[in-house]
Amino acid sequence: MMKLVLFSVIVILFSLIGSIHGADVPGNYPLRPFRYRYGCAVPGDSDYCVRVCRKHGVRYGYCWFFTCWCEYLEDKNIKI
């Protein structure tokens, strides 16, 4: 029983450390003309969003809440 409690505490601590120092990558939503966002269908990895993000000058993007999100996209580059 003590091993289970100790294991649980260790897992929780590593989870907290991961959320504190996790990969909180900056980014932005790329915009079309007239400030519309690029929509996408399935959340997660998306070839469409990667292509959109490459048009905006960054290497990687994915679908988040049915909208493309580009990692490391700066505010000045959000519009084409």
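For all residues, glycine too, the Cβ spot is worked out from N, Cα and C.
When Swiss-Prot is consulted, the disulfide partner of C63, picked from C40, C53, turns out to be C40. Here C70 is paired by Swiss-Prot through a disulfide bond, and of C49, C53 its partner is C53. Rounded to the nearest whole angstrom, the C-alpha distance between C53 (disulfide bond) and C40 (disulfide bond) is 13. Secondary structure from DSSP puts C53 (disulfide bond) in a helix. Secondary structure at C40 (disulfide bond), taken from DSSP and collapsed to helix, strand or coil, is coil. Under the DSSP three-state reduction, C70 (disulfide bond) is assigned to strand. Less than 8 angstroms from the CB of C40 (disulfide bond) sit S46, Y48, C49, C63, F66, T67, C68, each of them six or more residues away in the same chain.
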